[in-house]
Each structure stands twice: as structure tokens, then as C-alpha cells.
Amino acid sequence: MQISLKKYTLELKHTFSISRESHDFQDTLIAGLTLNGKTGYGEATSNPYYKITAESMIKEIEGIKNEIESFEFTTPESFHSFLEEKELSNFAICALDLAAHDLYGKLLGKPLYEIWGTNNDQYPTTNYTIGIAELDTMVAKMKEKPWPIYKIKLGTDNDVAIIRELRKHTTATFRIDANCAWSAEETIANAPQLKELGVEFLEQPLQADDWAGMEKVMHQCVLPVIADESCIVESDVEKCGLHFNGINIKLTKCGGLTPALRMIKKAKLMGLKVMVGCMTESSVGISAIAQLLPQLDYVDMDGAILLKRDIANGVRIGEDGSVVFPTLGGSGVTLNQ
């Protein structure tokens, strides 16, 4: 099996801001695995919050390149088990795991959702994310991209007022992501007003380790709350089940599709709502997420829509949020360059 690694710098259409950072460009690593004339692609973006760069991931993977290329590939699951034994970050494992799943599906000539025993005739609509900005800029972004569901990034001193103003310009469903910027008291106080303004749920309002605060929120908040920063890996699901109404799985954080599939199963057994979210990433990562759609309650896979230019082809998202799946097997990904 041959491996290729390449860093890309993705340019965004607009500056993207959340409660803790802003950026106009996003570095990402694209990994390729080639076997028997087929190449599978995977992606993992850099992430300053977790101190991950494209360069650090490349260095990690290059350290075991010979072992990867001599690995007897049979299934993505066995390959993931092999990777877990190495000293790799979950981000690096994710890039390789996504490539392995894409390769596996291409070798079989089947899309991943079919291999997993699901079909793609019903799936949740992705939200479109509006980052923190001046109010007129946020309104302009909504008008530029009419969409049935918006995720609104918050974490300012006037969050409820922002939603009240945005509501004047659309009838779309709102989802709120405060990225750990609120206290339990703020969350409980804001929720009734936000519910009246058409907010569906709140995503990670509190700091990731504020379990006592989340216990208060669980008992007193009138809106469902979805874990993001509190739910990183498989072992987090059980604790989140006692403090949240659902979880948002990020493939880069948990280590790819292989653990994500297990997390989905575990969360559903616990009665939790399941969402998969994206980074600002290309269609390589988005197409992998899309394979999970039939198993999800919610999805946030607008990352490639936020880019000035995508580096890959795969799943396409229509102007109404509909998804067009590629005819290729696996995730169906090809690179543009």
C-alpha cells in the first residue's frame, strides 16, 4: 500500500469567527492510500485549540510510513486498530482512517453507507453556519445564502439581541453554538427567549469540563443541549449522556469514521440525539461525513461551502440543502489537483 501526504491552505469566502478565534485561511492535510490501482483520500484540518498543525500530522505519519506501506490492508477497522497502537494524534489517525474507508469502498465498488447497511433516501439537512460578526454582516451572510437551518455562533455580550434581530430577516430554524462562552446561569436565562425566537437547540454553551454547571442546565434549561467540546472520544459518550440531550461527533477529534460509528451506536442505545459536525474543510472530509447521514438526527457539514475554492469533488450539497452522492465507491472522493 502506498501513502501520500500533502498540506493545502484553504481560503474562506468570508472571515470566520467563533467565541475564541477568527480565521480567513484553514490549513488541512490530505492523506492518500493507494492499493490495487485505487486511491482513497482522507482529511484532517489543523486546529490551534488542540495544538494540531498540518506539519505536526505529517511528521507523525512520516515516522511510521514504512510500517503503513507494509501493512496488509484488509478492512478499515483492522487498519485503525494498527494505527491506535502507534504514537499518533487522533487528527492524524482521522486522515488515515478516512482514506482507508474511502479506499475500502472503492475496492468493493460500493459507497460506505451501503457497506454499513444503510440507504441514503432519508437524511437530515445540514445547517449553514453564520460566524460571529457585526450584525449587518451576519444579516448579509444570511441573505447571500438562503438556507432552511442556520447555526449561529455566539459568545458576545448581546447574544439574545443578535438572535432577535436575525429573526427579522428569515423564518429558518436556528441552532446556537456558544463554543463554551456561557455560564450555566446565562444558558438557563437565555433559553426561554431563544426558544421563542425559533432556536432548535443549544450546542456546548458551557466550558467542556463544567459538569456541575451542565447538571444544572440539564434540569432547568427549556432547550435541548448538545455536547461538542465535552464529547471528544468514545469514552466521553457515557458521561455526556448524563449531562446532555445529545452529542456532536467530530471525526478529527475522535479519530475518524471507525470510532465515530461506535460512538453513534453507543449514543443511540443511551437515547441521545446524534449529530456529526465538520471543520472548515474540503469535500474530502465532508464526503466522509455524508456517508453517516442515514444514521444521524442532525448534521453540520457545510465546511466546503464556506470555501472560495474546493480542492476535491465528492458529495455535493444543493442550494436547498439536498445532498447529491457521487457514483464512485467509498466516500466517492477525487482531488481537483
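Residue positions begin at 1 at the first shown residue.
Note that Cβ sites are derived from N, Cα and C of the backbone, with glycine treated the same way.
Since this is a predicted model, take the numbers as computed values, not measurements.
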Ask   = Lys216, Lys239, Lys250, Lys253: which one does Swiss-Prot list with Thr129, Lys151, Ile152, Lys153, Asp300, Met301, Asp302 for the substrate site?
value = Lys250
Request  = Select one of Asp177, Asp210, Asp236: the residue that Swiss-Prot places in the Mg(2+) site alongside Glu203, Asp228.
outcome  = Asp177
From binding-site residues Asp177, Glu203, Asp228, the one whose Cα lies nearest Lys250 (substrate binding site) = Asp228
Note = In all the protein chains shown, the tally of other Cβ atoms within 10 Å of the Cβ of Lys153 (substrate binding site) is 23
Query = Any idea what DSSP makes of Asp300 (substrate binding site), helix, strand or coil?
reply = strand
Ask   = Across all protein chains in the structure, which of the binding-site residues Asp300, Asp302 has the highest Cβ count within 10 Å?
value = Asp300
Message = Of the binding-site residues Thr129, Ile152, Asp300, which one has its Cα closest to the Cα of Asp177 (Mg(2+) binding site)?
response = Ile152
Ask   = Which are the residues of the chain, Asp177, Glu203, Asp228 excluded, whose CB is within 8 A of where the CB atoms of the Mg(2+) site average out, their centroid?
value = Lys151, Arg175, Ile176, Ala178, Asn179, Leu202, Gln204, Ile226, Glu229, Asn248, Gly277
Ask   = How big is the gap, in Å, between the Cα of Ile152 (substrate binding site) and that of Glu203 (Mg(2+) binding site), rounded to a whole number?
value = 10
